[in-house]
Each structure stands twice: as structure tokens, then as C-alpha cells.
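Colleague: One structure, as C-alpha cells, below. Some questions next.
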């Protein structure tokens, strides 16, 4: 497993941020790695036929061609064109989960008027996709996995840099107020989260180099590990992913580390 600073699971951080206000005067948040001239020189050219150039998603530096109406999209894909937003497909049972896997579609933004290029049926589908996401956001029964997906939609970017640092400040505030419910977490991934919070709270007080890569435990709603684990990168390069045993978080022997999908399900297929 890569030796990077480990950070806490995002669902837990999101829950903390809803419970306690962020400490005033918190240290500066971690930033995306700067787009140096050397990095920009490595960017592939945008095709001349591209109708609209879009800024990169997340911490990327290279401009991309904006996605058109109806194109597949997600958290890690290029951005949708102006007037469009990336939404889960109508009827998708796990909208946020689908968006983290690039299984959404570019549709008209809720406030955007329909255009002549969009048929009546397409317009209704676009509205249905928006409605499904709105209903999910209002549901009081959001699971921890959905909260994880929700955070990935707010992954660190040049527009949203304070999320991680503010969450750590929130934890420090809880500690100062002697809120000790954190110690009730018993499952393996949950225990790791608590230890990581302790380390991050301490690291917050120290000055040093910027952190551009870190591993964040990917926990399920029961407090165990998802079989697929990935590092998070703030330098524009895709992080490594690998496969683990859900009950321990230990890497599966012989499994690959890749910047794509390691296909962890292959190690759990039951042979008949």
C-alpha cells in the first residue's frame, strides 16, 4: 500500500461538519498542487474542433473539451458544457454512487430553459434526473455510503480547497468541548478513522510542506472496508487503487496497484 498520509473517511468528516461549527481562525487549508509551466507544457492540445473549452475538474491543470448534452459524465470526467450539469439518470437507485463512477449524463440545469434542440421527452428525462437527486438530498435516511459518495462530489479542487482542513478543525473543536462519542466506533475501519483524526488534528498545528497525496479509508456503512481502496491526489495525477480484504483492510496478496479500476470483485467470485 502506498506510504502516504492517511486521512479520515469523508462521511465521518461530513457528519462532524454538520454537528459543530468550524473553529474560527483555523490554519490555511491544504491546496491543490500549483500548475507550473512544466506541468502545463505536458498538457495535450485541445482538438481544434472542440466547440467549448472547459477548465479541468478537481486538481487537474489541463483544459479539456466540455461535454455536450447527453454525454456520459461523473466526478472524474470532463465538465459538462455551459448550461448543463452532470446528473444521475432517471430511475437510478443510487444516484451519488453512479456519479462517482462516471455513469451520469449531462442534462439541462434546472433553471436553464429548454432549447429547440431538446425534444419534449428529453426535457422530461432531464427534469426527472434533477428530481431524483433533489429527493435524495432531502432524505433523512442517507446511509454512510451515500455520504461518502456525496463527499466525492465535493472532492478537493481549486474552488473548494477548505473542505479537508475545515473538517479537521471541526474535530479539534469537538475535542476541546470534550465530545467523546468518537471513541464508540468499534469496527476496524471506524477504529482507523479515529486514529487518523488524532494524527490529523496534531498535524494541523505544525507548519511544513504541502500534502498533495494521501490515503483515505473507504468504509462501508457497517464500518468495514470496501474491497477497492484508492489514494487521493491533489496534484492532478490519478491516485493508485488496490484491493483489500473487507474485514481487515489488508491488501489482497497478488492484487495489482493501478491508476484505473483494479477489478477487486474478481477476488471474491465464488467458484461453483
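Glycine is treated like the rest: Cβ placed from N, Cα and C.
Residues annotated as compositional bias 'Acidic residues' in Swiss-Prot: 132-143. Residues or ranges marked as disulfide bond by Swiss-Prot on the basis of sequence analysis: 32-59, 35-61, 43-62, 50-65, 73-86, 80-106, 189-219, 230-241, 243-264. Residues annotated as domain 'Thyroglobulin type-1' in Swiss-Prot: 186-264. Swiss-Prot lists 115-143 with the feature region 'Disordered'. Per Swiss-Prot, signal peptide is recorded for 1-25, and the stated evidence type is experimental evidence.
So where do these features actually land, and what's packed around them?
Modeller: Its own atom aside, the Cβ of residue 59 (disulfide bond) has 21 Cβ atoms within 10 angstroms in the protein chains shown.
Using a 10 Å radius centred on the Cβ of residue 35 (disulfide bond) and all shown protein chains, the other Cβ atoms total 17.
Residue environment of residue 43 (disulfide bond) contains 15 other Cβ atoms, counted within 10 Å of its Cβ in all protein chains.
Of all Cβ atoms in the shown protein chains, 16 besides its own fall within 10 Å of the Cβ of residue 65 (disulfide bond).
Counted within 10 Å of its Cβ, the other Cβ atoms near residue 73 (disulfide bond) come to 23, all protein chains included.
Cβ contacts within 10 Å of residue 106 (disulfide bond), excluding its own Cβ and spanning all protein chains shown: 24.
Counting every protein chain shown, 22 other Cβ atoms lie within 10 Å of the Cβ of residue 189 (disulfide bond). DSSP assigns residue 189 (disulfide bond) to a helix in the three-state reduction.
Under the three-state DSSP scheme, residue 230 (disulfide bond) falls in the strand class. In sequence order, 218, 239, 240, 241, 242 are the residues of the chain that are 6 or more apart from residue 230 (disulfide bond) and have a CB within less than 8 Å of its CB.
In the three-state DSSP assignment, the secondary structure recorded for residue 264 (disulfide bond) is helix. In sequence order, 227, 228, 243, 244, 252, 255 constitute the residues six or more apart from residue 264 (disulfide bond) in its chain with CB-CB distances below 8 Å.
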Colleague: Which whole-number value in Å describes the distance between the Cα atoms of residue 61 (disulfide bond) and residue 43 (disulfide bond)?
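Modeller: So the Cα of residue 43 (disulfide bond) lies 8 Å away from that of residue 61 (disulfide bond).
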Colleague: Tell me whether residue 86 (disulfide bond) sits in a helix, a strand or coil according to DSSP.
Modeller: strand
